[in-house]
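Trainee: Take a look at the following structure, please.
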Amino acid sequence: MKNSDLNPYLIQNALCKYGNQAFISKVSTAVKAKDICFALLVVVIWGVNFSVIKMGLEQLPPLLFSGLRFAVVALPAVFFVPRPKTSFWNVLAVGLFLGVFKFGLLFVAMQEDASAGLSSLILQAQVFFTIALSYWIFSEKLNRWQVFGIAVALVGFLVFALQDSAHITQKGLVLILSAALFWAFSNLIMKRMQGVNILHFMVWVSLVPPLPLFLLSYFSESQQPLQLLSQSNVASWLSLGYVAYISTLVAFALWGQLLKQYSAASVTPFALLIPVVGIASSALWLDEQLALNEILGAGLIMLGLSINVLLPVWIRVRNDKSDPNRVD
């Protein structure tokens with residue numbers, strides 16, 4: 001498996017490309033019990049992350065919080081982590097698309113217009129945007145099941161768009177879907193990179209967003225950021241530490257290690273549990289209880305995600321069993 005296969009942002013989309021040998025490689029597929037625990041730990045870290053962000057936004061404005069998150073990730077790690085083997089323009093582009101636009105829009109939406117649980121789910125629209133953009137830009141093939149899965153999820157998104165929701169406004173929905181679109185653009189850039197260590201790449205990418213986010217925060221949120229920081233409570237700083245170190249550095253390192261040991265097909269389905277944990281943790285800690293129409297919309301989105309992520313894996317396994325010597 002190539003180092004570029006370790007990119008957790010691309011694995012979901014990669015599995016949708018039926019028969020892509022670059023992602024479903026001939027490595028171990030039987031995940032050990034210990035490593036299942038590590039995979040579930042990553043799922044919990046990333047799912048809970050949305051509730052932690054929500055708590056941090058109670059004290060810090062979203063653009064400032066997002067800028068601090070990347071600054072803490074980059075410094076001092078950038079002095080100890082080797083520079084990734086890719087161009088400066090890739091680092092800059094992903095830093096802008098992923099760091100400034102995706103996280104900036106997400107944090108703004110989560111401050112007042114979207115609950116933590118629904119944010120974790122709706123952000124997964126990046127899977128569908130990535131598939132659609134890959135089809136449009138790179139002429140990658142779509143099978144009928146992918147189209148069906150996208151259509152099912154689209155109905156789920158329409159449930160939130162056309163009906164009143166206590167946990168997400170139409171503004172919040174537009175902001176998070178826009179964040180998912182920028183995430184998809186960064187996916188396409190990273191998809192073309194070869195031999196890049198994803199953890200090293202993320203550390204160096206984190207150098208890009210702080211300055212633009214701090215400038216945007218200064219002109220749109222507060223011209224006294226130091227005063228805001230001095231007034232922040234311990235919970236805000238703990239939230240920042242969790243988002244920067246646990247959710248980014250620790251989780252990426254664990255996920256990357258799992259993908260070195262096992263096929264993407266064995267590891268990636270665990271990612272479907274992230275919005276489940278996100279919704280459950282927000283219900284437990286933030287008392288965000290979903291209404292019936294919200295449960296319906298969330299269920300349709302999860303079904304669409306499952307069709308796009310799990311069905312190609314099942315087809316691949318079935319074909320491998322029927323023809324063990326088959327090579328794509």
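Each residue, glycine too, has its Cβ placed from N, Cα and C.
Checked TrEMBL, it gives:
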type: TRANSMEM; residues: 36-57; note: transmembrane segment
type: DOMAIN; residues: 36-160; note: domain 'EamA'
type: TRANSMEM; residues: 63-81; note: transmembrane segment
type: TRANSMEM; residues: 88-110; note: transmembrane segment
type: TRANSMEM; residues: 116-138; note: transmembrane segment
type: TRANSMEM; residues: 145-162; note: transmembrane segment
type: TRANSMEM; residues: 168-186; note: transmembrane segment
type: DOMAIN; residues: 171-308; note: domain 'EamA'
type: TRANSMEM; residues: 198-219; note: transmembrane segment
type: TRANSMEM; residues: 234-255; note: transmembrane segment
type: TRANSMEM; residues: 267-286; note: transmembrane segment
type: TRANSMEM; residues: 298-317; note: transmembrane segment
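Burial and contacts for the listed features, if you can.
Mentor: Confidence for the domain 'EamA' (36-160), expressed as mean pLDDT, is 92.
Under 8 Å from some Cβ of the transmembrane segment (63-81) lie the Cβ atoms of residues 53, 56-57, 99, 103-104, 107-108, 199-200, 202-204, 206-214, 216-217, 220-222, 225, 228, 240-241, 243-245, 248-249, all in the same chain and six or more residues away from its ends.
Within the chain, the transmembrane segment (88-110) has long-range Cβ neighbours (under 8 A, six or more residues past its boundaries) at 9, 50, 53-54, 57, 62-63, 65-66, 69-70, 116, 119, 123, 171-172, 175-176, 178-180, 182-183, 185-186, 189-190, 193, 201, 204-209, 212-213, 216.
For the transmembrane segment (116-138), the list of distant contacts is 9-10, 12-13, 16-17, 47, 49-51, 53-54, 106, 109-110, 146, 150, 153-154, 157, 160, 165, 167-168, 172-173, 176-177, 179-181, 183-185, 187-188, 191, 274-275, 277-283, 286, 288, 290, 294, 298, 301-302, 304-305, 308-309: same-chain residues at least six beyond its ends, Cβ to Cβ under 8 Å.
Within the chain carrying the transmembrane segment (145-162), a Cβ under 8 angstroms from the stretch's Cβ atoms is held by residues 16, 118, 122, 125, 128, 131-132, 168, 170, 173, 177, 293-294, 296-308, 311-312, all 6 or more beyond its ends.
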Trainee: For the transmembrane segment (234-255) against the transmembrane segment (168-186), do we get 3 or more Cβ-Cβ pairs below 8 Å once near-sequence pairs (under 6 apart) are dropped?
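Mentor: Counting Cβ pairs under 8 Å, fewer than 3, so no.
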Trainee: I need to check the long-range neighbours of the transmembrane segment (267-286): which residues 6 or more away from its ends have a CB within less than 8 Å of a CB in the stretch?
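Mentor: Hits for the transmembrane segment (267-286): 8, 11-12, 15, 31, 39-40, 42-44, 46-51, 54-55, 115-121, 124, 255, 258-259, 298, 302, 305-306, 309-310, 313.
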Trainee: Would you mind listing the long-range same-chain contacts of the transmembrane segment (198-219), meaning Cβ under 8 Å and 6+ residues beyond its ends?
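Mentor: Result: 3, 6-8, 61, 63-64, 66-68, 70-71, 73-74, 77-78, 81-84, 86, 91-92, 94-96, 98-100, 103-104, 190, 225, 248-249, 252-253, 256.
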